[in-house]
């Protein structure tokens, strides 16, 4: 129900903002085959009517191939031809066409997120209308109770003075939107709302001036109060969807140390890095752009790229991607891509594309709303004319028309979905699950396939020592003494999971990409990967093993081998059982090695497991399933899962996930147990049932109430009471969801079988 608004500053900008064709062409990106993509920011896009208006306007340009509006990002993505019949096209016309449609467009540039002023304004408007409505109602009670004429007139004037500023301040969202739509030859949901509120106040003021017995100031203010609640909920939930992309953008480094050809170094912004530039990356810094290692050796956290739970060693000629964290040594990197074409930018683009796809759910509702507006106006007009010409009482005709407009106000319809979402979100929160996206529950109820990431989702994401093959009794003590000097995940797991008292070393050196080295007299001890500890001729045992291996050596001869795996998340087995029992298909999509993924799938009884997937391949798998008509719930935790979380029909992440993973997900569960997934699906299905009931109640109310209003049997006051009552009924029905989890018959059937204690080993 959110619609277009424009202020005077925006209107002025339409006539002053201009870009040359060359500026626009430089701001767009080549796609090949003579096509370019242009991204534009359009801040005043708010509803499905805005989307269809802009897209239709752009597609009238002969050189525009596709146009898509992302409602969440308030961005327009346009693909256009560079040439038509050997003549260059003018892409600046794209901005002009958007401006002509009544919207302010400018070239998109990433920037830090600003505070949500619209949300604050909406909350303040709710407070103003919420203060005015009950106070006017209290005055109305005295009038209804039979106050004398002088007291009645005084109360009416007081009500008028309270209602006027409330209507001006709280109603400006609807009035501006309605005016903007009408002056461009369109209607939207705010048009009948604005007409209803204005007519109700005008008729009430007329009655007050002429000492009438009744006034309906409370009706107009109450309408605004209920409608603003629905609009605010919609706005808050939509803006939360942007948090993931903002967080991912903050992950990218802002600058890098450039190595000049003469060997000197200077710090430059990431945007200034060109392909072929050499940059220095110290330990603890993130890789700013995609590139190839020129010199140096280090361990990188590549979780953003592959989802690997363990750091990966890189050396000369290794390819690295932007966003990876350099853990140990210094590197010199030759850039192969500029920042806007790097992996991080690609992930952000994938997430925005997925969010744009979600807008179709809102479009369906807004398209229905475009039909509602003219029908309501026509109904009120016909009622007015019929009563005026047939009855001859034009005052009564006006009251009937106002009553029809009030009684058909979409308050109940507007609250049918958001109120259930809020109650369901509260119920899930009590279960340790947070809902972040307004449409997430609706989409979760439609789920028929659940795709899990492995590391950090099905498992806890922390390494666990599972086996030690020692050739020397003191090996564990030596290894623990060495491992205590490193923050490597496997070193920490070794220290945590061994109980032997460590042997102390005076000096321990950490070799980037290799491991730890220490001397004890004439002996050299090494702990790390096989090649580092024993030389390149040593053959590790992890090639086809589900375990990670660390080798301890003395003077190049192995003393012990330590094997690590990941622990299954508590409740993982029960969760898979319950999902299977509910008829949902389960699969694993992971960046880990296929052998490791297969091992976890076998432990959980999951038939389909895909390993060694990149973020893009995870997205493609979700899209493939969507193409087959499946409704995919993606459950993941890593930064590399963020695009798939955004591309899936709906997504969940544990609270232990990366910041980006949590922000990209529609739902986040704070409990350690994985049975939060079937719990959430159970509540979502129940809430979907209540939403359908609320729609039935709201439609049933209109079917019964509209004929009564047309017949003149309902005054504007009665119409306002009926409208409020319908809203209360809808809210009360939604509250039935409270305590849902306490009724065992509502739960997804629990599977019987494997114990939660089954391990991944």
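Backbone N, Cα and C define each Cβ position, glycine as well.
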With the domain names in Swiss-Prot as our guide, do residue 260 and residue 737 land on the same side of the membrane?
yes
When Swiss-Prot marks a stretch as transmembrane segment, which of 322-344, 345-367, 368-390, 437-459 is it?
368-390
If one measures from the C-alpha of residue 641 (Mg(2+) binding site) to the C-alpha of residue 453 (active site, 4-aspartylphosphate intermediate), what distance in angstrom results, rounded to a whole number?
8
Among 121-142, 156-177, 692-711, which stretch has the highest count of C-beta pairs below 8 Å with the transmembrane segment (185-205)?
156-177
Residue 50 (metal cation binding site) CB neighbourhood, other CB atoms within 10 A:
27
What Cα-Cα separation, expressed in whole Å, is found between residue 637 (Mg(2+) binding site) and residue 50 (metal cation binding site)?
34
637, 641: which of these binding-site residues has the highest Cβ count within 10 Å of its own Cβ?
641
Determine, to the nearest whole angstrom, how far the Cα atom of residue 453 (active site, 4-aspartylphosphate intermediate) is from the Cα atom of residue 50 (metal cation binding site).
37
Intrachain neighbours beyond the topological domain 'Extracellular' (206-217), with Cβ under 8 angstroms and 6 or more residues off its ends:
136, 140, 143, 149, 152-153, 156-157, 159-160, 162-163, 200, 402, 715-717, 720
With DSSP as the reference, give the number of residues of the topological domain 'Extracellular' (206-217) in helix, strand and coil.
5 helix, 0 strand, 7 coil
Coarse DSSP state, helix versus strand versus coil, of residue 641 (Mg(2+) binding site):
helix
